[in-house]
């Protein structure tokens, strides 16, 4: 996938603490680079980085799951040339998972940004065939960005 300069990207943080934590992991420019590598589409993409409380509330409201999850994608529309979506990232969950999986937080966040962008474009992992297709694409995109296979146990 190639980058598209017509993609408007809005990066939001839920609090000054989340903003400070995010800046220690990746700059806005780097996050935008990861996004543009994951989608050739134009449109509007909003990324919101939240704490566990907000992550849990959103997951409960929209998925009826009463825990904070790493990433939630809300695609509003997409076509072959444009998309509109909000993607929510829960930084405490991402940090915890990275540690448990023996990955850097930066590598795990890059993976989840690519993952969320693919969801925004209509990719899913509800069935094995879809999962394999999505994972293969994630691995290829992350490799181009300089990251190893996120499905390996250590990085």
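From the backbone N, Cα and C atoms, a Cβ is placed for every residue, glycine too.
Annotated in Swiss-Prot:
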type: BINDING; residues: 115, 119, 125; note: Zn(2+) binding site
How many other Cβ atoms sit within 10 Å of the Cβ of residue 119 (Zn(2+) binding site)? 19
Validating a neighbour-count step here. Other CB atoms within 10 A of the CB of residue 125 (Zn(2+) binding site): how many? 16
Measure the Cβ-based neighbour count of residue 115 (Zn(2+) binding site), defined as the other Cβ atoms within 10 Å of its Cβ. 24
How would DSSP class residue 125 (Zn(2+) binding site) in three states? coil
With an 8 Å cut-off on Cβ distance to the 115, 119, 125 Cβ center, who else from the chain surrounds the Zn(2+) site? 71, 73, 116, 118, 123, 124, 134, 138
